[in-house]
Every structure is written in structure tokens, then in C-alpha cells.
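The following features are taken from TrEMBL:
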| type | residues | note |
| --- | --- | --- |
| COMPBIAS | B:449-468 | compositional bias 'Basic and acidic residues' |
| COMPBIAS | B:476-500 | compositional bias 'Basic and acidic residues' |
| DOMAIN | B:18-442 | domain 'Major facilitator superfamily (MFS) profile' |
| REGION | B:449-500 | region 'Disordered' |
| TRANSMEM | B:16-36 | transmembrane segment |
| TRANSMEM | B:57-78 | transmembrane segment |
| TRANSMEM | B:90-123 | transmembrane segment |
| TRANSMEM | B:144-163 | transmembrane segment |
| TRANSMEM | B:175-194 | transmembrane segment |
| TRANSMEM | B:260-281 | transmembrane segment |
| TRANSMEM | B:293-309 | transmembrane segment |
| TRANSMEM | B:329-348 | transmembrane segment |
| TRANSMEM | B:354-372 | transmembrane segment |
| TRANSMEM | B:384-406 | transmembrane segment |
| TRANSMEM | B:418-440 | transmembrane segment |
Amino acid sequence: AGFIKSPLSQKRLTQDSVELYCEAIGNPIPEIQWWFEGNDPNDTYAQLWDGARQDRVKINATYNLHSTSTISIANLTSDDSGMYECRASNDPDRNHLSKSPKVKWIRSQANVFVIERPEITTQVTEAAGKLVLSCNVSSPQSPIKGHKWKHGEKVLKEDDSTDSFTSYVIDGKREEHSGVYECVYEGPPEIRGQVNISVAPQVVAYKKSEHGNEGDTGVLTCKNPSFPAVTTWSWYKSGQGRLENASGRYIIKSSGNKTELRIHKLDIEQDTGDYFCNATNSFGSGDATVNLRVRSRLAALWPFLGIVAEVLVLVTIIFIYEKRRKPDEVPDGKRRLGLNLSIRESNATNHKDKNVRQRNAN
Amino acid sequence: PVPAEAGRAPGPPDGGWGWVVVFGAFVSIGFAYAFPKGLAIFYKEIQDFFGTSYSEIAWVSSIMLATTYGAGPISSILVNRYGSRPVVMFGGLLCGVGMISAAFCTSILQLYICVGFITGFGLALNLQPSVIIIGKYFLKRRPIANGLAMAGSPVMLCTLAPLNQFLFDNFGWRGSFLILGAILLNCCVAGALFRPIGAGTAPAKTQVPEEGKDALKGKITEDGMDTSGPSNVTEEEGGKDCFEKVNQYLDFSLFKHRGFLIYLIGNVLMFLGFFAPIVFLAPYAKHTGIDEYSAAFLLSILAIVDMVARPTTGIVANSRWVRPRIQYFFSFAIAFNGACHLLCPLASSYTGLIVYSSFYGLAFGMVCAMLFETLMDLVGAARFTSAVGLVTIAECCTILLGPPIGGILIDTFGDYKYMFIKCGAVMVLAGTFLFIMNYYNYRMLAKEEKERKAKEEDPKSVRTENEGKNNWNKDSAQDGRELEPLRKEGEGVKKEMNGT
């Protein structure tokens, strides 16, 4: 038997997790075990099993063409520091209680250092239209090589200074920049601190004024783009108090950042008006107003009839005007180069050698 | 000059009621071109309502555009038979009915039929007669009239876009379609203005003393007033066979007409690259990082410059220096258009794009204003009816192909510049082709004119009216003579090389 991959030594912070990986080959396929020796001078090697240390230890092993085993320890404490050994053997007597095995277990070691997670004090101050986010790490165990500020996936600022204090300035107000920000100290290991800008819900309506057709379904939507998410949404109608989900024609669907009020079978009298959506979280509450207008099915009919009437009137006027002019045969008065305007008129002026065939205009 | 003029048959009025007709054509043409584009505002809502994809909705516009152009020949036949006024009024009615029934549609297929086919067909019946009747009312000032009438398109587009938005906000899409149907009925009003007019156009203005009366008879029937006048066959020809009967309604003999063929090939080529840049201008602007409103503003600039460019081009084309050589002006406009597109990829900043939009608007307006004018110039007002029908159905294919090909180019290369280069190249090619071929055409016409005049010295040679035989000569000669009265008062047998 022999090791293809050995576990690597690692440095971690408390409350982090660590993973050690080991791979061995042999014929027959060797068995892999994990053993641990603490840093205390009195400590001796003890075997680790899946579920040890209050279920913080997980061992995952596969035995196909060769053996692999991964041990992961979650929520590290300083007691987890020490030497971890990956042991492999394919001797059939390896686990015999009385007999000693002919071939010893081969071993591969890795050191895991668990460093106390330093305290990071975070602060958000608001002054003169600016927000200052700051992090201060107390007693860092390992040297700091740089800082990074992040908002979600986006990196806002990076630098190389070795200060334990770092800050980031945003122009604006709390309400506009709520969210989760991270100050990252480059190590190794990487130490992250979380700075939250929390505000009461900044509720906005998708559309301040909504339209719906009589008999159709109307949808009113409000959203909350700020942090943290909304715990309770509620809808009110002026003059009607609170609207409950699945009461009558109302259906309300809500999530952390959006709420939707659907009204079935819109009625012009009952449903037109102002609706208020109210959102609450642990920092306060906010609301917005949406106005609903219900169009009558016949709303478009009046302009339609009006325009059709106008068209009929104009066409009639044009035809009457033309019929009245017909018997007169008075030239229009505008002559260019003596050209006549219409063929009827040419009759008057003409032209023996022309066989101008008469055509009636209509 | 009055006595000399009195000897002529009445020519087109060039004014008076003609300007009212121009206004009617303005409205009619405006609706025909602008309406399909204006509908795009409703698509999102309709898409959500019926739950279809965007491309299915876009078919509505394509069907409408295809029908408007494809129904050209039918429109021409109807105008040949019944005259402009009834056709436009019927077209307006059809549009209105189409949109009103669209307001009650319950499936996307019904929308295709109502909005796409019926309204599209109605618009086709609007478009052709409007253009045709301008040719009947104007000769001397025809380019101006054409320019003014074609200006209807950008003006209507600028009006329809905010109007559609307003209607949509207040009435939803169904109500808007209902009201738009009523608005389209106004095309009937425009049609009512198209008072039919007698044969005042070129062929009638013959040199009276020399012409046989038969010649006149034939010409006047050709001009086809509203009633039966079959367009190219005179009463003297007896025994019409089937082919000639068809020819009565749609003049296929145009395909032997040199000028017509030149125009057809050049235009079909041009339309491959004509509309694609407009379709892709806003996406291109957004692609270079410009925000949506500024991108839309580019299109507004284009429309405004277009609006001004069309009548201006009309006036320029009417001037003494340009009118005889109007085909060259047209080719120049097309090539200018192409040059704009070729230079577009160089403009990457917003200012550059604004400059491009302005020039494009100018070039676009110039081409559109002269689109029908040049055709009228080449084939003469008499056969214009059939010519425009045949041309539009040929253009139909390339118009529909243009933007999708551009889209494919963009998708394949991931870069808009190849689309612009393709459009620019196609248009420069079309412009050059037209320029060269028209030069050749002008020379041939001059030669024929010379021969004709030489023949006319001989009193015995009365020009026969067998259209089939003397097609070329007659047409070219008649076109030439179209412009004679414009040149000066007397009728002199002046050999004008520039008579088209």
C-alpha cells in the first residue's frame, strides 16, 4: 500500500471549517483511518470516526479502484488544533485485537492550526451626507497583508495597508444604500467582518397608477428594494380597512421584497380608488400608495363614435361641395400657362382639331 | 403663348385643387407607411395577454408590410379600372374594419388576419392611388407635390407614436384598436378629396397640328380617368386577345420598357439595404453603451430631419437645373445614403451617432421623396398606375429580406458594423448602377427623339397607335414631350436632349 495524495496542513480561524483529503492505493484495496493528536503534551493519538466531536466531524470514504477519504470538521475550536494522521493498511489482520499486524499502517500527517477569531468591531456613522463604514480588528494573530471591501459579489475598494483599521465612505443616505457589506482582511487566513446598513422598508409601488378593465383581473404591486427583508406586508383600501388574503375577490402574494394584490372581476364603483401597501421589519415600517382606475368596457366607444361621426360629416361635406361646383364649370381661377383645370372646362375653350373625349367626373 | 397653348389639350392643373389632393395624399401615404411602425407600442401588452413569444407578435408587422407591398398590383388594377377615389375610400373602409375587428380578437391567429391581412390590404389600396393621383394633378410642380405628399410618412409617425402611447395608457390595447380603426376611417376623407380629373397629362399634350386625332384618342383613353379607360390599348385595335385583356388592367408590356427595367433592378437592389439601418439604429446605440432614451432620441432626430428633407428635396428636384436630370439626382441620393452607412462604424461616440442620424435622415428623405417621382418621370403618368404596382410587388421581397439578413449578419459576427457595411455597399452599388444605366437611357432617349423628330418632318408618317409596336418610341418620346411645355411657352420642335 502507498499514498497517492497526502493531507495538507492548514490554518483556520475558530468557527470556520476544515477539510483534509487522503488517497491510497494497494492490492487488496487498503482501508483508511484518521487519527488525531492534540497539542497538549499529555495527548496521544486517538482515532476519529464519522460523527465525532458532537457531530462536527464527517468522514467520507470511497473504496473503488483505490481508496479515498475526506475528513471535514465544522465549527472549529482551538481544541481542534493538532496533528491529523491519515493511516492506510491492506493487511487482513490490521484490526485484530490480539494479533499484531505483519505490515504496519502507513501514515501521513497534516498539521491544523486553529487561530482564535479576532474580534472585529464594525461601525456605521452618518455625517454630512456621507456614510462611513469602518472595521477594526483586535489582536490579529497573523499579519495583515491588505484590505478589501465588498458588497455581495462586487469589490468596492482594495488596498495593501497593514492597518488593523479600515474604512469605506459612501456618498448618500442610509436609506439609499442599505445592504450587507463585508470588510475583508487578507491573511492568510482571510478574516471577514460583516457591516450591515439596515433601514426601515423603503417601499415603492411598481406603478403609481394602474388600470384595469371591468370584469378582468387587476394586479397591484409594491416592492421593497432595501435591506433587511420585509417580515410583514399588508394591504389597505381607503375606506375599507385591511384587505385579507383569500377574502372575497382579493388574493395577496407576498415575499421578502415584493407583494402583489390581485383583484378578480373588477367592478367600476367598488374597486376604483387608492390602495396602500404597508411593509414592516425590525427597523420600522413604510408604505406606498397605488391608485387603481377601472375602465368601463365601453370607455373606448365614445371616442370611436365621435371619430366615425367626424369622418361621415367630412366626407358628406366634401361630396356636397363637389356636386355644387359641378354645374358651374367655373374654372378655379388659377391658371398656369393657360392650362385648364379639368376636362369639362376644356370644352368651353376648345379646339376643333381635338377629339377630346368627354369623361364625366363621376 | 396663349393661343399656342389653347391649341393643346388641357394639361394637369399643377395647382388649385391639386394642393388639396396633395394634402389628402399626405394623410393617406402617412398612414400607409407609419401605421405598421406605430403598432409596435402595443406588442408587449398583447404578447402578455396571449402568452406568445416576441417573434410571433412581430409577424403581425411583417404580414402587414408584406400585404401592403404585395397587394400593389391588385391596387393598380383597381385604379386602372375604377380610378383613384373609389379605391382609396374602399381602402380606408377596409383598414377601419380590419382594426375594429382586431379589437375583438381572441387569438393571435385572428390578429394576423385582422391586423395583418385586412388592414395591410386596406393600406395598400391607400398607398398606390395616392401616389398615382399626384401624377394626374401635377406635372410642372410634380416633384414638389411628391415631396410634400411623401412627407406625410414621418409626420404621421411622429404623431402616431405618442398618440398610440396615450391611447394605450387610457384604453388598453383593445380600446386603442377600436379608436385606431376609427382614425383610419379618415383615409376615406382623404380619398374623398381625390376628385377625379381628366386626361391632362403628357400624352395629350401633343403637337396638335401634326398629330392625328386618333393619336389623341388613344392617349386620352390611356390616361384612364375614373371610368373604364383601359390603360394601354386604344379603341382602334380591334380583336383583343386574352393577353391584351390582361394588359388592359395591368400593363405587363412595361417589362419591355427600358427605363422601367432600370428602375426596377436598381430599386430592388436598393431596398435590400434601405430599411435595415433604421431597424437596428436604436439597438446599435444601446450596444455602444448609450441609454435607452438617448437612443430613442436618435430616431426622433432622424424623423425630424426626414420631415424637412422631403419637401425640400421636392423643391430642389423641381428646379430648372435638376428636373431634367432628376434620375442622376436620385442615384446620387441613393449613393449618398450608402456612403452614410459605410461611414457609420467610424462614429462611436454619441455625437458621432447624432451626426450620422441627421445625415441618414437627410438621405432617407431625399430618396423617399423622389422614389415615385422618378418612376413617373421614366414611364409617364399614363403607365405609372401599372408600373407602381409591379414595382411594389418586386420590392416586397427585398424589403422583407433586408432587416432579417442584417439581423443574421449581426448575430453571426456579433458586431453591427458588418450590417452597416453591407447596407452601405448595396446602396452604393444600386446608386452607381442607376447612374450609369440612366446615363445610357438618357442618351438612347435623345437618339430616339432625334429620329422621331426627323420622321415627323415627313407629314405622311402619322404615328400609329399600335402600342405593342411603338412602345418604346412612343413612351420615350412622350416622356420627352412631357417636359416640353415646361421648358418654355411655345411648342417649338426643340430637340431637348434632356427630355426623359
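Every residue gets a Cβ built from N, Cα and C, even glycine.
This prediction places the mean pLDDT of the domain 'Major facilitator superfamily (MFS) profile' (B:18-442) at 81. Counting Cβ pairs under 8 Å to the transmembrane segment (B:354-372), the top-ranked stretch among B:90-123, B:260-281, B:329-348, B:384-406 is B:329-348. Contact between the transmembrane segment (B:16-36) and the transmembrane segment (B:260-281) is absent: fewer than three CB pairs lie under 8 Å, with pairs separated by 6 or more positions in sequence. Recorded stretches compared: B:57-78, B:260-281, B:293-309, B:329-348, B:384-406; the one with the most Cβ pairs under 8 Å to the transmembrane segment (B:90-123) is B:57-78.
Against the transmembrane segment (B:57-78), stretch B:384-406 shows more Cβ pairs under 8 Å than any other of B:293-309, B:329-348, B:384-406, B:418-440. Same-chain residues lying 6+ beyond the ends of the transmembrane segment (B:293-309) with a Cβ under 8 Å from its Cβ atoms: 151, 153-155, 157-158, 278, 281-283, 285-286, 350, 353-354, 357-358, 360-362, 364-366, 368-369.
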